[in-house]
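What follows is a single structure, written as C-alpha cells, with notes after it.
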Amino acid sequence: MKKHLKLYFVMGSVNCLKNPVEVLSEAIDGGITMFQYREKGKGALEGEDKLQLGKKLQSLCNQNNIPFIVNDDINLALELDADGIHIGQEDGDVSKIRKFIGRKILGVSAHDLSEATEAVKTGANYIGVGPMYETKTKLDTNEVAGPDMIRQLRQNNIEIPIVGIGGINQQNLKPVINAGADGVALISAISSLKQPREAASNLIESINDSFVNE
Ligand SMILES: Cc1ncsc1CCOP(=O)(O)O
Ligand SMILES: C=C1C=NC(C(F)(F)F)=NC1=N
Ligand SMILES: [Mg+2]
C-alpha cells in the first residue's frame, strides 16, 4: 500500500484543463503511482457520462498497473469493479462499507487523531489527511491542518499508511513527507497544467528526493 501512495493523482473532468483521458494518460507516463476518480463539484458528470468516463480512466490504469480508486460513489466503484474506494467522514459508516466492498482498498479522510484512530479501527487501508495547505479545489474543506497534523498522528502511534492532501505542489511537498506521510495526493498540481506528464515527472522526482534525504 505505502509504495502506491507516493504520488496519488486525484481528479475529475471539472479539474482538467484538457481532455481528462489525455491528462491521465500523460500523468501515468510522468510517473503517478495511484489514481482516484473524483467526479465532483460544479459541472461534474453524472449517470451514464460519469460511468463512461470512469471506464476509460480505469482501463488506462489497468493497462499500467496503477490502482484505480473511486471517490465517494460506492455503487460506481462496485459497478466498475474498481480496485478501491475513498470515503469522507460524511460518506457513511466505514465498518459497513468495509464489509460491503470486501478486500478492495478502503481509503478514509481524517482531519484529526480521533478520526484517524476510528478509521484504523474500522479497517481503512490508508487515510488521507488534510488540507495540508490552502486549496481552491475543494470548497468545503476543514481549516488548514498542515504537515504537523501528520507528525502528531505518527507521534500518537498511528502506523497506517498516510497520504497528505490539499494545496500540495513541487515547492511544498517535502515537509509533508518529512512529517511522516507515505506520499502526497493532489489535483491541480497536475490536472490544471498544459503539460501533465512533465508535472507528474517533476513531482515524483521531488518526492523520491524527499525520501532519500529524510
Ligand atoms: C479532495 C481534497 N481533500 C482535501 S483538500 C482536497 C482538494 C485537493 O486539491 P488540490 O491538490 O488541487 O489542492
Ligand atoms: C477528500 C479526500 C481526502 N483524501 C483523499 C486521498 F488523498 F485520496 F486520501 N481523497 C479525497 N477525496
Ligand atoms: Mg467525500
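Heads up, residue numbers simply count up from 1 along the chain you see.
Quick reminder: no glycine exception, Cβ is built from N, Cα and C everywhere.
Record check, TrEMBL: 4-amino-2-methyl-5-(diphosphooxymethyl)pyrimidine site residues include Q36, Y37, R38, E39, K40, S109, K138, and the candidate from N71, N169, N172 also listed there is N71.
D72 (Mg(2+) binding site) and E39 (4-amino-2-methyl-5-(diphosphooxymethyl)pyrimidine binding site) are 9 Å apart (CA-CA, integer value). Counting in whole angstrom, R38 (4-amino-2-methyl-5-(diphosphooxymethyl)pyrimidine binding site) lies 8 from D72 (Mg(2+) binding site) by their C-alpha atoms. The local packing around K40 (4-amino-2-methyl-5-(diphosphooxymethyl)pyrimidine binding site), expressed as other Cβ atoms within 10 Å of its Cβ over all shown chains, amounts to 17.
In the three-state DSSP classification, Y37 (4-amino-2-methyl-5-(diphosphooxymethyl)pyrimidine binding site) falls within a strand. Comparing local CB density within 10 A for the binding-site residues R38, K138, the maximum falls on R38. The two recorded residues, N71 (4-amino-2-methyl-5-(diphosphooxymethyl)pyrimidine binding site) and D91 (Mg(2+) binding site), have Cα atoms 10 Å apart.
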